[in-house]
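*Asks:* Once you've had a glance at the structure underneath, I'll fire off some questions.
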Amino acid sequence: MSASSNVTFCDLKQFSKDFRSYHIYFSFIICTLGSILNAFNIFILSTRQMRSPTNLILTALATADVIVMLEYMPFAYLQHEAASYFTYNFAAFLIFHAFFTNAFHFISCTLAIILAVWRYIAVKFPQRNIAWCHETRTKYTILLTYIFCACVCVPLLASMSINTKSGFQTANGSIAVNASLITNFTQVRNITIYYTGYRNSIFKDISFYVYGIVLKLIPCILLVILSTLLLIELFNAKKRKRSLHGGNKETRLLKKKQHHKHIEQEKQFNRTTKMLLAVLLLFLMAEFPPAMLGLLLHILGEKFALECYGPLGECFICKCSP
């Protein structure tokens, strides 16, 4: 009987094994380029000429992304270092990494949602945009977003613990949990293996609801709703533009003279809205697959985790890093 006949959902072990050897290189390339590009965006958007509520949100968003990528590089390196993989220090760092990465990634998602809300207000209620979305309110909103998202991710930190078990280490540094995997016992010593796990099943469920629902699924739903509303308002703007150009020749000439400047401003406004809409759609494309995988993980259980969720984990991390 072939090994594939025992597979229930998907056979991705070979894919995971092949990708793992390249993972660290992809991670460093993506994180380095992403950090440089985001740092450039921060520099440009922070200039006096570019200062606006929208650009403040984009700057905070780029800052969160840079922090995530800079923290991920040492994690990717240590993950491939066999000597430190089962140590207490790496287990503690792994828990910190899980909290830190998810917190700042959630900050990025929340800022993207706030960006969509701010833009929708600007499109739907242009006369109230300055009063509702001024710079001071935007700065306080960004600050509260950073604090709120970190607090939401605290259950992830509380749900994990460092556990121990006995293991074996060979002369070349290889570590094995099962003694049957070792062929030569002449240069083997007993060691304590440290690994992370959930405190109990209750904390495991709490972790799922925080990660799978709050951090992933809800932002996706909100981004879909807000992106749809922005698209509707863009279509309405086109209708208003067509009606503006309607009427007889004299009326069109008069409207053209009176509203030429307004039309140019509206064109620029719509171009900016389309650009921000593209940013939101990119966020949605990056967040939706992990959200669905997390939901399926809770529904289908450990078998799905071993066959699909685990092997695809590093691939999704690389994709979502920028």
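A Cβ is built for glycine as well, from the same backbone N, Cα and C atoms used for every other residue.
So TrEMBL lists the following for this protein:
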{"type": "DOMAIN", "residues": "37-322", "note": "domain 'G-protein coupled receptors family 1 profile'"}
{"type": "TRANSMEM", "residues": "22-44", "note": "transmembrane segment"}
{"type": "TRANSMEM", "residues": "56-78", "note": "transmembrane segment"}
{"type": "TRANSMEM", "residues": "90-121", "note": "transmembrane segment"}
{"type": "TRANSMEM", "residues": "142-162", "note": "transmembrane segment"}
{"type": "TRANSMEM", "residues": "208-232", "note": "transmembrane segment"}
{"type": "TRANSMEM", "residues": "275-300", "note": "transmembrane segment"}
*Asks:* Suppose I define contact as three or more CB-CB distances under 8 A, residues 6 or more apart in sequence; do the transmembrane segment (142-162) and the transmembrane segment (56-78) meet it?
*Replies:* yes
*Asks:* At a threshold of under 8 Å on Cβ distances, which of 22-44, 56-78, 90-121, 275-300 pairs most often with the transmembrane segment (208-232)?
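*Replies:* Counting Cβ pairs under 8 Å, the winner is 275-300.
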*Asks:* Do any residues of this chain, six or more beyond the ends of the transmembrane segment (90-121), have a C-beta under 8 angstroms from a C-beta of it, and if so which?
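*Replies:* Sequence-remote neighbours of the transmembrane segment (90-121) are 53-54, 57-58, 60-61, 64-65, 67-68, 71-72, 75, 78, 84, 128-129, 132-133, 138, 141-142, 145-146, 148-150, 152-154, 156-157, 160, 162, 194-196, 211, 214-215, 219, 222-223, 226-227, 229-230, 233, 273, 276-277, 279-280, 283, 287, 320.
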*Asks:* Do you know the mean pLDDT across the domain 'G-protein coupled receptors family 1 profile' (37-322)?
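*Replies:* 80, rounded to a whole number.
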